[in-house]
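*Asks:* Features from Swiss-Prot:
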type	residues	note
REGION	21-102	region 'Ubiquitin-like (UBL) domain'
REPEAT	114-151	repeat 'WD 1'
REPEAT	153-194	repeat 'WD 2'
REPEAT	203-242	repeat 'WD 3'
REPEAT	270-310	repeat 'WD 4'
REPEAT	312-351	repeat 'WD 5'
REPEAT	357-397	repeat 'WD 6'
REPEAT	401-433	repeat 'WD 7'
Amino acid sequence: MWKLLANVVSNVVSQGWEVFVEVFVVSYRHIPSHTLSVPTDITVDKLNMLANKTLNNISDKEFESVAFDFLISSTILRTTLEEFVQENHVPVESVISIECIVQEPAPEPDSDIALLDWIGAIRCNDKFIASATYGGELVLWNHYGKKLTSSVLHEEAIKCLALLPDQKEDRIVTGGHDQVLMLSDVETHGSSTFIKPTCVLRGHERSVEAIAVNTDGTRTVSGGFDKMLKVWNTDKDDTSTVFEKTRSEKTGKKKRTDIITKIPMVTLSGHKDAIVSAVWSPNSAKEVLTVSWDHTISIWDLELAGQINTLAAKKAFTSISVCCSSGMLITGSVDPVVRLWDPRSHEGTLVKQSFIGHCGWISSVFWNKVKENLFISASFDKTVKMWDVRSNKTPLYDLVGHSDRILCCDWSVNELIVSGGVDCTMKTYRRKM
């Protein structure tokens, strides 16, 4: 992918603004720079037409029309050039650099699948989509909406799930209102797929609301309404945290069962209200971040078995996601605002940006795993929005279709966005890559 850069020189004259645009392509040095004069009230659409026309004229090769976004000082241009200059207090005598980047492809509605109950959690990998319902059922689908298999794993609503990264096999951990976590294998025999529960993780005293797993799937953390963060050994070969099996009353022998019970490695306290979302830090294998209804983000060191930092907010949190490359955080709260945090910052406010666009509580946020500028947010306003961190006032796209509150979303696969909620439907949106 190549980038187009433009230098805009502005001078105030008696009749208004005279703006000169110098266009050149970084990746194609043989294309000479080209200077144009444009009006200051030029819009993004007209700037797109001008950029494409200019590139077509100055390129010695056949040029295919491209839709661009335009960056000024790391902010995507969404207004006229004049409005941007005035709003951002850009000196009109200065040289303004405009970077033209290829627009992200729009997600198109793909699958619309009805289930029997609310969808409380959803996750996706390169093989399947996993959706969990308030009826306690885990359902697996292929990327095109075909049902692969299902299994009722919990006695009450499933509130969270995570896919354990494992090169040999697929495993899923679910947490529910029944206070337990269930670890299951996904087995494939020929064209058939099965969900096989292998471990039940017991220790929480109230509903389990949050799950996160480390990069190799050997450790899992969970949190819930008991305010506790629990650490579990989910290594396939672990026997150290296996709880003693119950014995048969009649024979005095251990029951024959494929499902074992595990207890937590450690239980950590610190939050004053429910833990509702958790992520493993990409910067340290021993750090976990949690958000709570107590208005705080907690950073935990699992080796030290305690909190090492706490970030305070004015609202109760609902969701957190972390950028794999930068370590930046996005959070959802009980208001319509998505917030961007830099937990490593020691200067000024830790909230670096607020993203305005929703009109209901933010229920779920998810960072794109390929591009560090992109993320999605789901809301009680029935929409999923796709954002670029360089445009905090206008989302790139609105993904519509849900008829009631959205409870969960996922963007683990770059070309596929999935969501589910109170309308008992799972929706997928596909991007052409």
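Keep in mind that glycine also has a Cβ here, set from the backbone N, Cα and C atoms.
Help me understand the surroundings of these features in the structure.
*Replies:* Remote same-chain partners of the repeat 'WD 1' (114-151), defined as residues 6 or more beyond its termini with a Cβ less than 8 Å from a stretch Cβ, comprise 157-163, 170, 172, 174, 176, 178, 184, 186, 192-195, 197, 407-413, 416, 418-422, 424-426, 428.
Using DSSP to sort the residues of the repeat 'WD 2' (153-194) gives these counts of helix, strand and coil: 0 helix, 27 strand, 15 coil.
Summed and averaged per residue, pLDDT over the repeat 'WD 3' (203-242) gives 94.
Secondary structure of the repeat 'WD 4' (270-310) per DSSP (helix as H, G, I; strand as E, B; remaining residues coil): 0 helix, 23 strand, 18 coil.
Within the chain, the repeat 'WD 5' (312-351) has long-range Cβ neighbours (under 8 A, six or more residues past its boundaries) at 273, 276-283, 289-297, 299, 357-367, 369, 372, 375, 377, 379, 381, 387, 389, 392.
Listed as Cβ neighbours of the repeat 'WD 6' (357-397) (distance under 8 Å, sequence separation of 6 or more from its ends, same chain) are residues 69, 71, 74-76, 78, 104, 106-107, 318-326, 328, 330-338, 340, 403-412, 414, 417, 419, 421, 429.
DSSP assignment over the repeat 'WD 7' (401-433) gives 0 helix, 20 strand, 13 coil.
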*Asks:* Let me spell it out: take the repeat 'WD 3' (203-242), skip the flanking residues so only those 6+ beyond its ends count, and list any with a Cβ under 8 Å from a Cβ in it.
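*Replies:* Long-range Cβ neighbours of the repeat 'WD 3' (203-242): 159-166, 171, 173-181, 183, 260-280, 285, 288, 290, 292, 298, 300, 302.
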*Asks:* Mind tallying the repeat 'WD 6' (357-397) by DSSP state, helix then strand then coil?
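*Replies:* Counting residues by DSSP class gives 0 helix, 18 strand, 23 coil.
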*Asks:* Under an 8 Å Cβ to Cβ limit, what residues of the same chain, 6 or more beyond the ends of the repeat 'WD 4' (270-310), are close to it?
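*Replies:* Tertiary neighbours of the repeat 'WD 4' (270-310) are 209-215, 219, 221-225, 227-229, 231, 316-325, 327, 329, 331, 341, 343.
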*Asks:* Please indicate, using numbers and ranges, the residues of the same chain that are 6 or more beyond the repeat 'WD 2' (153-194) and have a C-beta under 8 Å from a C-beta there.
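*Replies:* Contacts of the repeat 'WD 2' (153-194) (Cβ under 8 Å, skipping residues fewer than 6 from its ends): 118, 120-123, 125, 127-128, 130, 132-138, 140, 200-202, 204-213, 215-217, 220, 222, 224, 232, 234, 236, 262, 412.
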